[in-house]
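**Q** What follows is a single structure, and I will ask about it in a moment.
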Amino acid sequence: MGKRRRGKQEIDNLTKKQKKHLKEFGEQHPFHDKVVERPEKTQILRLPDSPQRPEPDSEDDSDAEQPSAYQKLLSTMIQGDEDDVESEDEESEEEDNEEEAEVEGDSEEEVEDTDEEDGNDAEEVLEDKVEETSDKLQKKHPEKTNGDVEENEEAEMEGEFTDKKNEAAFCLETNMPAEGEENTAQQEQDEDMFVKHQEIELSEEEVGRISQGSKVKTQVKWAKLGVLQCMCPLERFPAIGQASSAPLPPIHKTLEANWHLLNLPFGAATDVTELQKEMLGLMGTYRDLYLANLSPLKEAKEVRSAYCLHALNHVLKANSRVLRNNAKLKESKNGDEDFRDQGLTRPKVLILVPFRDGALRVVQTFMTLLEPKGKKTDASNKKRFKEEYGEETDEKPPNLQRPDDYHAVFSGNIDDHFRIGMSILRHSMRLYAPFYSSDIIIASPLGLRTVLGAEGEKKRDHDFLSSIELLIVDQADVFLMQNWEHLLHVLEHLNLQPLDSHGVDFSRVRMWNLNNWAAYYRQTLVFSAIQEPQITNILTKHCHNYRGQVCSKTIPKIGSICQVLVQLPHVFQMFHSDSFMDQDARFQFFVDKILPQYRDSVMSHTFIYVPSYFDFVRLRNYLKKEDVSFANISEYSQRSEVSRARHYFQKGEKQFLLFSERFHFYKRYTIKGIHNLIFYGLPTYPHFYSEVCNMLQAGVREGGASVSFTCTALYSRYDVHRLAAITGADRAAQMLQSKKTTHLFITGEEKST
């Protein structure tokens with residue numbers, strides 16, 4: 001214990017300057033070195049009156065000193081990035097204090113560890129500190145351990161771990177096909193849509209027609225996918241027919257053994273389902289696809305497995321073609337053969353998922369599909385990946401009572417800031433590959449946004465998205481609940497002309513990539529739990545596939561209003577609006593027609609549900625201005641603010657409670673004390689309507705049975721999808737076509753009328 005206290009005391013006695021130096025360089029400045037009494041090894045030299053003794057605040061003389069072994073070690077890690085070190089020296093006083101606290105805490109732990117093992121002096125404490133500092137530097141700047149990788153490539157993953165060891169093993173330019181793999185070219189027959197799609201040549205006239213957005217629309221009905229709307233921009237690529245006319249695409253030889261085990265990762269039946277067969281048939285045509293109304297409890301897992309197979313099949317075919325052409329070029333004597341089989345950058349597939357758990361499940365599906373017979377998939381950095389993307393056992397409180405769909409969406413690790421690159425070669429997978437060496441990038445919109453940056457920023461990079469051939473947007477509805485602008489920002493940076501060549505061999509680049517036509521060849525797959533105009537707008541504005549688009553148009557016949565259990569009159573009031581984005585009309589209708597009815601003190605306990613946060617802020621400011629008694633709860637409210645608002649509203653001390661939809665999405669609290677319910681806008685998720693209405697049961701259970709409840713919902717003709725999901729397709733059609741602007745439904749003991 002004495003040695004431990006002595007080591008801790010030495011750290012505590014350091015000045016702030018000394019601690020900062022220890023933090024940055026892993027050892028004390030030579031002036032402050034304390035030599036341990038070891039007469040046989042160390043000579044003690046004291047110079048108390050030396051006129052050349054350096055001042056503690058002076059760093060000029062340190063450069064003249066001969067660098068120690070520790071400094072030489074660190075210099076190899078931070079070589080080429082002196083600017084970053086200098087910028088750290090210019091940090092503010094607050095950051096210095098934070099570093100000081102961090103050094104103290106970390107050093108105390110290191111002292112205890114070294115004393116328990118074999119620490120006899122303060123030098124071992126400093127040695128451990130050097131190793132700790134080196135690890136931190138390597139994690140913060142992994143690119144500095146390999147000077148062969150270009151700076152732009154490293155900037156994308158700054159502050160994150162990237163795999164540098166397996167660069168040569170997964171390099172497409174230097175690898176050759178394995179034995180027996182040369183004959184796999186027979187798979188690439190003219191009937192393979194992958195080959196057709198890659199080799200189609202468009203004319204400038206056809207590109208112009210696609211850009212204009214004119215499309216021929218038709219409808220078909222499939223057994224599982226329901227009603228599908230097909231939009232074709234070019235006549236020579238007609239619309240799809242019935243499900244039987246879209247057979248399963250050819251599967252790459254690497255996947256032949258396991259592709260039928262598509263549903264094995266989530267413990268379902270091993271056979272491919274009918275839904276997956278229809279999806280694979282559609283995706284194999286390389287048309288854009290938008291499927292909505294996919295329940296996270298039922299179809300979500302099947303959908304994930306299907307698009308993982310399609311993405312992996314696409315990457316393996318593309319890489320196999322490159323490897324075969326490498327062998328042909330090597331055998332060619334004159335070298336006159338021309339093989340255009342690549343894009344301007346290597347990444348081919350971009351998969352956007354909202355949470356880390358989604359990325360984990362995608363990678364697990366990839367591993368299952370790539371697994372050779374009798375062996376496990378060779379995946380580098382698998383342990384690190386499971387640690388960073390897996391769920392910690394103590395993250396969620398026990399006995400959390402939430403709906404089943406909530407647990408399905410928020411299962412596992414729900415961190416929404418991540419990005420990871422993957423390289424695929426035969427049965428092997430390289431996790432944490434640098435983006436410019438990756439075949440597949442799995443990320444959240446927020447994770448990519450921090451790399452892409454914004455206009456005018458110094459550190460930004462989007463070249464790795466220049467040659468994306470397959471874009472997959474899974475759980476698009478969840479992105480609406482996060483930040484939709486991040487997703488749009490990513491879409492705006494797809495298939496742009498790169499600013500740097502990144503070492504590409506232009507003789508191998510496809511002509512449509514050189515012509516900046518990659519956007520017309522990119523396939524986009526969008527999957528969502530709801531029908532929403534903002535999601536549909538993705539395909540309208542950001543997708544220009546020359547093969548056209550297929551969108552699901554199935555509307556539920558039975559609405560979520562049938563799931564309301566409490567006896568409640570539902571009044572739907574329609575207001576006139578000129579466009580989907582016209583929020584002024586909704587606000588004026590609410591202020592002029594709805595709110596005055598509830599200003600009377602008799603109409604207390606009024607709950608206002610607001611889907612849009614912008615509308616939430618607008619209403620909050622208006623209620624403050626009008627001096628209305630209200631409380632508010634949003635996704636940005638602190639826990640104490642939420643508790644006070646719920647208490648004041650339940651006790652009647654606040655007449656109104658302003659409630660944002662995103663808070664309900666992330667928390668699913670039951671609000672007690674609701675007597676009057678106002679939907680400022682129809683909920684984004686139809687089951688939210690019934691969930692909020694059933695909150696009135698909480699008041700009934702606590703003795704409020706004698707209270708008469710009311711419910712009012714506002715809608716316009718642009719809310720057709722939300723209205724149909726709540727009231728049902730037939731009733732929604734009648735309401736929109738009727739000359740009346742008010743419609744009444746009764747739920748509870750009586751049937752809805």
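Any Cβ shown, glycine's included, is placed from N, Cα and C.
Take a look at what Swiss-Prot says about it:
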type: REGION; residues: 1-189; note: region 'Promotes p53/TP53 degradation'
type: REGION; residues: 1-160; note: region 'Disordered'
type: COMPBIAS; residues: 23-43; note: compositional bias 'Basic and acidic residues'
type: MOD_RES; residues: Ser50; note: phosphoserine
type: MOD_RES; residues: Ser58; note: phosphoserine
type: MOD_RES; residues: Ser62; note: phosphoserine
type: COMPBIAS; residues: 80-126; note: compositional bias 'Acidic residues'
type: MOD_RES; residues: Ser87; note: phosphoserine
type: MOD_RES; residues: Ser92; note: phosphoserine
type: COMPBIAS; residues: 127-137; note: compositional bias 'Basic and acidic residues'
type: COMPBIAS; residues: 148-160; note: compositional bias 'Acidic residues'
type: REGION; residues: 377-402; note: region 'Disordered'
type: COMPBIAS; residues: 377-388; note: compositional bias 'Basic and acidic residues'
type: REGION; residues: 566-627; note: region 'Promotes p53/TP53 degradation'
type: REGION; residues: 628-689; note: region 'Represses p53/TP53 degradation'
**Q** Tell me the residue counts in helix, strand and coil for the region 'Promotes p53/TP53 degradation' (566-627), as DSSP assigns them.
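**A** With helix first, then strand, then coil, the region 'Promotes p53/TP53 degradation' (566-627) has 29 helix, 12 strand, 21 coil.
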**Q** What average pLDDT is reported by the model for the region 'Promotes p53/TP53 degradation' (566-627)?
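**A** On average, pLDDT over the region 'Promotes p53/TP53 degradation' (566-627) sits at 92.
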**Q** Using DSSP, tally how many residues of the region 'Represses p53/TP53 degradation' (628-689) sit in helix, strand and coil.
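**A** For that range the per-state counts are 24 helix, 13 strand, 25 coil.
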**Q** As a quick check of your reading of DSSP, tell me how many residues in the compositional bias 'Basic and acidic residues' (377-388) are helical, how many are strand and how many are coil.
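**A** Split by secondary structure, the compositional bias 'Basic and acidic residues' (377-388) comes out as 7 helix, 3 strand, 2 coil.
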